[in-house]
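> Input: one structure, supplied below.
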Amino acid sequence: MELCYENVNGSCIKSSYSPWPRAILYAVLGLGALLAVFGNLLVITAILHFKQLHTPTNFLVASLACADFLVGVTVMPFSTVRSVEGCWYFGDTYCKFHTCFDTSFCFASLFHLCCISIDRYVAVTDPLTYPTKFTISVSGVCIALSWFFSVTYSFSIFYTGANEEGIEELVVALTCVGGCQAPLNQNWVLLCFLLFFLPTVVMVFLYGRIFLVAKQQARKIEGSANQPQASSESYKERVARRERKAAKTLGIAMAAFLVSWLPYIIDAVIDAYMNFITPAYVYEILVWCVYYNSAMNPLIYAFFYPWFRKAIKLIVSGKVFRADSSRTNLFSEEAGAG
């Protein structure tokens, strides 16, 4: 039996993986961190550099990418070592910060997705007046509130140790030298569940409404297309089609987030009421499903957004350093804006 810290009383037990499984785990988990960092960096760079992408929705997407980027930089590399080795080698202080960063950035992602669902609902249901309702200023307020609430919640619980109130004996029993755990007591886990559940209900309801409206609009356009005078698509129809496409892509991003998060949240609630009975390997799988979500959004954008693929080519090829590259037209006529 190998310990995290030899010759130290109360040391955690180190994982007993043989070399090949250990190398595979490092490769798989490390790949997730690299995708989260460089994929989201591409999203941020594209939106901030190309003036055509300076829209309220895209600023929300850029801030969401920033949260996922920070997960890839400050959380995933350290969690990779902890998950593979079974040990925390980065000190008690950074253990607290790691937990705070983890929770802050993940909840920031959730709140951003909720704001994006509101933005898409307004855009699809009322595309012509949308630009006057959801402005860049409104987007900025949404971004500020998303970051404020997520950071305040996380640091007020985990940095102060409030998460351990009432379960001190259990925490002592679970604690060993070389570990980094942050169990939530029953009160805080319920708040955590509500912070996840309420935005989720809002998102599911709004995207449900979006797709109902989109279906009605599609039928209306099909009906008007059969009329002789409808030889060309009207401006309103083009705008509606563009907004539906954006809503569909961002709806997929929301669905991916919920699928990644839901098992972890359910397990966290069960654990708090069952004295943390979840086996370590199950917990690690659930945590990494959440982490890997930070790498998924750039892949979703690359698959569904032609403008993002074009932006990637310009960034990777270095053409963004050319004069006036920020004014490059990323959209084809038929694609419309993202």
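Keep in mind that glycine also has a Cβ here, set from the backbone N, Cα and C atoms.
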> Taking the topological domains recorded in Swiss-Prot, do Leu53 and Tyr281 share a side of the membrane?
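According to Swiss-Prot, Tyr281 sits on the opposite side from Leu53.
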> Among Cys4, Cys12, which cysteine does Swiss-Prot link to Cys176 through a disulfide?
Cys12
> Of the residues Cys4, Cys142, Cys180, which one does Swiss-Prot pair with Cys95 through a disulfide?
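Cross-referencing Swiss-Prot, the cysteine bonded to Cys95 turns out to be Cys180.
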> Give, as a single whole number between 0 and 100, the mean pLDDT over the topological domain 'Extracellular' (81-95).
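That stretch averages a pLDDT of 93.
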> When DSSP states are grouped into helix, strand and coil, how many residues of the topological domain 'Extracellular' (1-23) land in each?
5 helix, 3 strand, 15 coil
> Through the lens of DSSP with three states only, how would you label Cys95 (disulfide bond)?
helix
> For Thr103 (spermidine binding site) and Asn9 (N-linked glycosylation site), determine the Cα separation and express it in whole Å.
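It is 31 Å, counting Cα to Cα.
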> Counting only residues 6+ away from its ends, which parts of the chain sit with a Cβ under 8 Å from the topological domain 'Extracellular' (1-23)?
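Answer is 84-89, 176-179.
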